[in-house]
Amino acid sequence: MISITSAEVGMKINEWHRHIQKFNVTDAEMLKAEIERDIEVMEEDQDLLIYYQLMAFRHKIMLEYTLPSDENRMELSEYLNKIEGHKKKLDNMRAYYYNFFRGMYEFRNGEYTRAITYYKKAERKIPTISDKIEKAEFYFKLSEVYYHMKMTHISMHYAELSYNIYKKHELYSVRRIQCHFVIAGNYDDLENHEKALPHLQEALKGAELLKSKNTHIYATAFFNLGNCYHKMDNLNKAARYIEQALVQYRKINSDVLPQAYHDLALIYFKQGKKEQAMDCFRKGIRSAVDFKDELFMNLFEALDVLYIRNGDTPKLLNIFSRLENGKGYPYLEELALLGGNLFDYNGKIEDSIICFKKMVYAQKQISKGECMYEI
């Protein structure tokens, strides 16, 4: 049997990583299988095996993003357990990858402050990383988690760093589109929707070129435009874009379906289109149950309280309490604002004040998140 050097396998793992970064699932899967065959006949090298396990972990994160399933989530945990046993042996590069990929794992699980903790540890190793694309990937991931934590200016800083690298590399179109999403989302959080729109329109233009091979990003481009118009109170345009997003998300049975149905139901309720709202409401609850999405089960329950049962304050407060966690605070902020405005419109001033106080509480918890990771 012909032996192969660990250096040769290491080069293949680097190439595998490039396919993962580009979301080239088929090429990544083929190269992974080839590397696993090579490892069977490779000279013994424990460091290389750790590198392989790290990249296999990153590969699973990619699959869980593009093809969400309980099986992929379970395998992620298995890879993590294997890598944990080798932590003391990690050199600078592998320590960087370990903390970076672990941050991605925590982010996918909605543990945003834990994700930031690992990302900051990885950032200390960034000076040892010479590859520009690797740096762009890292900056993008930081921009993403800070966006979810509503740390807007920090997110914008990292998104700009990432985009300025990716725009010089034609092959990384998915990441360029995603940078536009994050930048636009930050502008929306700053209530500067007019600046968000050009980024979202540019993202849709790029996503249209990828629609045959990346339905998810194409759907998300419509969805984000719909959300922006929703924030601008242009409900007709918002509904049209989210309807188009739903068509695409249904094709791939995306785990974003509960959110898309929820947002469209909310828009229809605001427009007084009760029949369409109830249709989205029912479909959304079914999809939330199918995906075991507890967050959106709670948010659909809130829609029921606010728009179907015409306000049940104790029940709404109970839902608020379920959203008091790192992942839930941004949704709690928006829900409390929605409830406050609705109660105010209906003349329920005391209930409105309760909601607005809860909104301020959520904002404070989000701002505290910046200090919750280790320095």
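Using N, Cα and C of the backbone, Cβ positions are placed for all residues, glycine too.
What Swiss-Prot records for this protein:
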type: COILED; residues: 24-95; note: coiled coil
type: REPEAT; residues: 96-129; note: repeat 'TPR 1'
type: REPEAT; residues: 177-210; note: repeat 'TPR 2'
type: REPEAT; residues: 219-252; note: repeat 'TPR 3'
type: REPEAT; residues: 258-291; note: repeat 'TPR 4'
type: REPEAT; residues: 297-330; note: repeat 'TPR 5'
type: REPEAT; residues: 333-366; note: repeat 'TPR 6'
Same-chain residue ranges lying at least 6 outside the repeat 'TPR 3' (219-252) that approach it to Cβ under 8 Å: 177, 181, 184-185, 188, 191, 193, 196-197, 200-201, 203-204, 206-208, 211, 260-261, 263-264, 267-268, 270-271
For the repeat 'TPR 5' (297-330), distant same-chain residues with Cβ under 8 A (at least six beyond the ends): 110-113, 148-150, 258, 262, 265-266, 269, 277-278, 281, 284-285, 288-289, 336, 338-339, 342-343, 346, 348, 351, 354-355, 358, 362, 365-366, 369
DSSP residue counts for the repeat 'TPR 5' (297-330), split into helix, strand and coil: 24 helix, 0 strand, 10 coil
